[in-house]
Amino acid sequence: MDKKRYELNVQLAQMLKGGVIMDVTNVEQARIAEDAGAVAVMALERVPADIRAQGGVARMSDPSMIVEIKKSVSIPVMAKARIGHFVEAQILEALKIDYIDESEVLTPADEECHIDKTRFSIPFVCGARNLGEALRRIAEGAAMIRTKGEAGTGNVVEAVRHMRTMNREIRQLVGMPVEEVTVFAKSNGIPYELALQVRGLGRLPVVNFAAGGIATPADAALMMQLGCDGVFVGSGIFKSSNPDRRARAIVKATAYFNDAAKVLEASLDLGEAMPVLEIAQIPEDQILATRGW
């Protein structure tokens, strides 16, 4: 992928800014998401809550299912590939989907290497818990970053932690003497020029969305007020008692995140949210956010 193609991919991801991307498992859910105002859908066979509950190896979704969803909506369609599984990514690119998410929600295929995203023309989304992770993924060719909040829990605490960590580390980099940027880049395994770019911008050079544990309009508005550019919602919509209403509510809260009255309106009469899983109760080997490096 040449520089112009990468810049185009970054611009494509910028077009999703301020919007909500929803996980969907079938055509009906995809249409609900589109009608609710989602800017894109993530096509997958099982939402994170089901992946967590059922266990086993989670792989790329059946391509035929992705094709059916792609045919059913006019908004962009994303799909997940396992960390390091570049052949799954090749298949998804051949399907001509709009974005690939190299996702820790699926079982990693490679415990040493992430996908070299510069070998692809399609934009990639990657998760990050901190600035170092984000910049390593961008150096590999990611056009979009998201938090790695603990998916399938309905608990936003980890996404908040990741965003606050990212914000704090960017502030530290901005205030760093230029001669220390080399040390920062070396210690985080990233190109010096990329670290210098972030120092100058005061933010990541790509969009950074919230993901993981977002279940309510208030969760979405919280992440936007913390500085996220948009929101991914996985299990939070279709594991709730009224998916259609909740989908519309989260879209509204994301758009009007700084208007408490609008967020209040969005929060009324939604029915039951998805059940919440306390992070401390999850066995260490089942924590998804620690996958990747």
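Counting begins at 1 with the first residue displayed.
Glycine too: its Cβ is placed from the backbone N, Cα and C atoms.
Around LYS80 (active site, schiff-base intermediate with D-ribose 5-phosphate), the same-chain residues at least 6 positions away in sequence with a Cβ under 8 Å from its Cβ are MET42, LEU44, MET60, SER61, ILE100, ASP101, GLU102, SER103, VAL105, LEU106. DSSP assigns LYS80 (active site, schiff-base intermediate with D-ribose 5-phosphate) to a strand in the three-state reduction. Here Swiss-Prot flags LYS80 as active site, schiff-base intermediate with D-ribose 5-phosphate, drawing on sequence analysis.
Here Swiss-Prot flags ASP23, GLY152, GLY213, GLY234, SER235 as D-ribose 5-phosphate binding site. Counted within 10 Å of its Cβ, the other Cβ atoms near ASP23 (D-ribose 5-phosphate binding site) come to 28, all protein chains included.
The Cβ of ARG164 (D-glyceraldehyde 3-phosphate binding site) has LEU226 as same-chain neighbours under 8 Å, each 6 or more residues away in sequence. According to Swiss-Prot, the D-glyceraldehyde 3-phosphate binding site annotation covers ARG164.
A C-beta separation below 8 Å, combined with a sequence spacing of at least six in one chain, links GLY213 (D-ribose 5-phosphate binding site) to GLY149, GLU150, ALA151, THR153, GLY154, ASN155, VAL156, VAL157, GLU158, ALA159, ASP219, GLY236. In sequence order, VAL47, PRO48, ALA49, ALA151, THR153, GLY154, GLY212, ILE214, VAL233, GLY236, LYS239, MET274 are the residues of the same chain, not among ASP23, GLY152, GLY213, GLY234, SER235, whose CB sits within 8 A of the CB centroid for the D-ribose 5-phosphate site. Those residues noted as binding D-ribose 5-phosphate (ASP23, GLY152, GLY213, GLY234, SER235) have their most widely separated CA atoms at a distance of 12 Å. Taking the Cβ of SER235 (D-ribose 5-phosphate binding site) as reference, residues of its chain lying under 8 Å away and at least six apart in sequence are, in sequence order, ASP23, VAL47, PRO48, ALA49, ASP50, ALA151, GLY152, GLY154, ALA215, MET274. DSSP assigns GLY213 (D-ribose 5-phosphate binding site) to coil, not to a helix or a strand.
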